[in-house]
Structures are given as structure tokens and as C-alpha cells.
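Over in TrEMBL, the protein carries these features:
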type: DOMAIN; residues: 37-245; note: domain 'AMP-dependent synthetase/ligase'
type: DOMAIN; residues: 294-386; note: domain 'AMP-dependent ligase C-terminal'
Amino acid sequence: MADVDPETIVSIADIGRLPFTTKQDLRDTYPLGMVTVPIDEVVRLHASSGTSGKPTIVAYTRADLALWAECNARALALAGVKAGDILHNSYGYGLFTGGLGLHYGGERLGAAVVPVSGGNSSLQLQLLEDLGARAICATPSFSLLLAERAAEAGLLDRLNVEVGILGAEPWSEGMRTRIESAWGGGFRALDIYGLSEVIGPGVAMESPDDLGAMQLFDDHFFAEIVDPETGDPLPDGHWGELVVTTLTKEAMPLLRYRTGDITRILEGPGTPGRNWTRIARITGRADDMLIIRGINVYPREIEAALLEDPDLSGQYAIVVDRRATMTELRVRAESDPGAADRTGEVGSRLEAALLARVRVRVRVEVVPPGSMARTEVGKVQRVFEQTDDRDPLG
């Protein structure tokens, strides 16, 4: 920033003159070096996990918490949640921003929030049945798990859940289809977007009348799309990395923060009466691309092929095997109960589908129904690395 003349920044059109902010900047200034207000004005500190051994700290003033509540209330309203609804919140509480963000948004909207957090699926199903929640907030993987457990217990017909506000994990259109089918009864699975460094959930939200597009609340967050490799700006409609500038945050504003998330700005107004910037659902991250024998492979493409096969349950894990000179890719996928006696056939079919989709030969292992662990708390891990003879999947 030392090379920037503040007098040359007179409107949002000049934002490209500013340097990017990156995750590394947040690490380098740990713990509170990015805070721009006196510490006695900070009323909340959240943290996201960090691969470097230390978390990323995010600070909030009272005004920031009010902003957060407002953005999540908007998101819930876009999903069709109304005052008086019961909102079942299965996102984790604590340092993770997911649970509290949607909790505040639900209360701001006038919904009755059930702060159940993650885990304990049997209690969750009991509360869903007894309280009659109309909406659920959860990760996509946990939403699918709850639907499966409800079906096993014969509870689906006794539940009132109509919509899921799902986020915190990347999920494909195939996963949407699988989740909606598992819940049945016209259930709608909708995507909510956010990241802890910016504010948490509530940066953008999908609505049932504009599927595939997310309304980004541009009175609080300014969006740019840049080339992930060069950082050069890209025109609307082009896929690239989302860069976000916070416009109204107090405690920890961010200028041109590189999110690492791949999307594009959509042209056209979308739903009449809404004038927010529309972005496409996140397709992946700039840093989650796998390079296998010189070919770029995105985990989302592997998931899409898996979820198109009706003989698979939707539970899977990807192993990047780096033990040999040439890296190999393996997939372990769980069969649907109806295909338990045809795992060899299903595996061969999936290998062919993956070769056609990602142009890399993938070794597939199809395992019996119910044999892969489900994640009840936190984000599900899909990609594992193997560098020695120990099986990373156990």
C-alpha cells in the first residue's frame, strides 16, 4: 500500500489500482495485525482453521455483528424462510462462523432458531419431527446424512422440512439432485456462500427462482473476477477467481481479498426486483486442482460423475497416490443397497465414466453400502494424499 496515492482512489472504478490482499497477509499479521479499530471496540473474535498451525483470526465490532445478522436475514429470506418459521441450525457453533451467522440472521428475520449445532443425528431427527422445522441449515454432506437416517427410521413422511440452506463445503448440481431426492416431498437444496475472512456466511445466496445463480450483497461486498494465475481482471461472464472488497466492515476490512473460489459474474438482472450482483455457484477453488500426469483434474468433476450413477450412494473419497514416480488417482465409492451384489460392474462403469470426463485413468474401488464413515460434525474431507504404504482411508 506504500506505493498507492490515496488521492487517486476516488471511486469504486479505481479499485484495480489497489494491491490484492491474500490469506498469507492474514497469516503474516497474526493475530490482530489486520484490525483497524481500537481493541476496546472489538466485541467478537472468530477463527478459521489454518494449515500453517495457527488459525486465521477475524474481528467484529457491534456494527459488524449487526451487518452479519442483516446479510444472513437477507439470505434466509431469499431461500423462502419467513418470520414465524422454525429454523433448524445444524452448522457448528463456536470459533467456526457458520452457526452463529445464520443464528443471528434467523433471529433478525423473526424465525425461531433451534441451535442444535452438528452431530448427534438421532437427536436432530427427534427435534425436526417434534418441533416441525420448515428449514434446515447444514453442510451438504450432513443434510444428506440426516435424510438417509430419517429414511432408515421411517421418519421422512413425518418431517416438515421444505428447504435446506447448505454451504461450508463445495457441492455440485449432482449433489443437489441427490440431496433433494433423499429428502423428497419437494425439498429444495439452496447454496449459501461466505468465508470467515470476509465475514462468514451471508456474502451471497441462491434462491429457488434463480437456481445456479447467487445474489451477492453488493452494498456490503464488491466483487471482481480475475485470472487465477496472472491476477488480471476478467470481463463479466468469464470464469475466474472471486476477489472481494468489504465496503462496510469496521474491525477488519479487506481490500481486494483473493478468495481462491472460482466463479463468474452473471449478466442480466435475474429475478425482477432484485438488483444485486449475480455470481455463478462456486465450481471449485483455484488451489484444489489436482495435476495428474500433466492433466488438470478438479475434484468437483469426479463428484459429478459419481452422482450421476444411480447405483452409488453418493459417499466417496479421492486418494492422490504419490508413492511412485507417476502420480495415480484412486476413488473409493460406496454402492447403493440395490447394487450391493454388482460392485464389480458398477466399478468398471465408473472407471469408464471418469476416463471420459477427466481424461485420466482412475482406479475405482466400490465398497458395500454403509461401509464408509459419515461426517456428523464439521466439513467432510473428500481428498486424501498417500505418500507411504499406510492407507489414508484407514
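The count begins at 1 with the first shown residue.
Just so you know, glycine gets a Cβ as well, placed from its N, Cα and C.
No curator has checked TrEMBL annotations; they are predicted automatically.
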Overall pLDDT for the domain 'AMP-dependent synthetase/ligase' (37-245), taken as the rounded mean: 96
Summarise the domain 'AMP-dependent ligase C-terminal' (294-386) by DSSP state, stating how many residues are helix, strand and coil. 28 helix, 31 strand, 34 coil
